[in-house]
Amino acid sequence: MLFEQIAANKRKTIFIILGFFIFVLMVGAAIGIIVWNNYLNGLVLAAVIGAFYILIMVMSSSSVVMAMNHAKEVTSKEQAPVLWDTVESMAMVAGIPMPKVYIVEDPSPNAFATGISPEKGAVAVTRGLLNKLERYELEGVIAHEISHIRNYDIRLSTIAIALVAVIAILSDIAMRMIFWGSLTGGRNNRKSDNNNSGGAQAIIYIVALIFVILAPIIATAIQFALSRNREYLADASAVELTRNPDGLIQALQKISGDSKKMEEVSASSESIYFSSPLKSKKNKPGLFDSHPPISSRIERLENM
């Protein structure tokens, strides 16, 4: 059952990522129709901006994420022996280098991981998590975060965030060009085409325009769908590492029962946390939820 869940989640992720790339190209094609009356120009623009932005995002250091979330590095075992030992042992079981260890001085129990590859991984936990969890529960949470690193989830989420940003940029470019009347040549060409093909070109233009306007919203929904799926996969992978679903279940129950929201959290970092720092109590995931409901995560773990 465990390995079936892992395989199913991996397949679903592949489909989501492929769909994401296709969606970006579709947005580019729509912008090409709106701006140049030629979808190929838009495809090239989307591909170039997308590749450049992804490269910049992937090259960004995880230290930036740690700084944004006020995380301080643990440089020696003596500073946090239980946390250090847990991270070290889970990394060893996962077969990856030991990630850097950080602590966020916040009373709300939570954790997150960064690093686009296992060699550049880092794990951060809040002070509240260390104070509230037993060691076997902490192992479940750390195994979950180690799984994110091992499964290259941070790289995937970075690409997804970059693609959402690219779509927003492309949409903004199109809207600005329309607003400032920079499409005069395109409109003239389109008018000539419409004389020959009736209202077909006008309909295509309107559909493309509506698609570009809605694209950032749709892209954000896809990004969060990917994030929710990777949380399920990390839970299953954590059980694979610890062989003890009860530890992770107990940790989720304790975190769910804690009503404190994180005092200082970067809005752009919400999706990387073990549990949503906004403390949503919904039982069903919404389109724009970065995490599946804790009740759903617990149910899946109990069925393993």
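Glycine residues also receive a Cβ, built from the backbone N, Cα and C atoms like all the rest.
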Residue among Glu73, Glu78, Glu231 sharing the Zn(2+) site, where Swiss-Prot lists His144, His148 as binders: Glu231
Cβ-centroid neighbours of Zn(2+) site His144, His148, Glu231, 8 Å, sequence order: Ala113, Glu145, Ser147, Asp153, Arg230, Leu233, Ala234, Asp235, Ser237, Ala238, Phe274
Residue numbers, six or more beyond the limits of the transmembrane segment (159-179), whose CB comes under 8 Å of its CB atoms: 17, 20-21, 23-24, 27-28, 31, 34-35, 45-46, 49-50, 53-54, 56-58, 209, 212-213, 215-216, 219-220, 222-223, 226-227, 268
Chain-internal residues, separated by at least six, CB under 8 A from His148 (Zn(2+) binding site): Ala113, Ile154, Arg230, Ala234
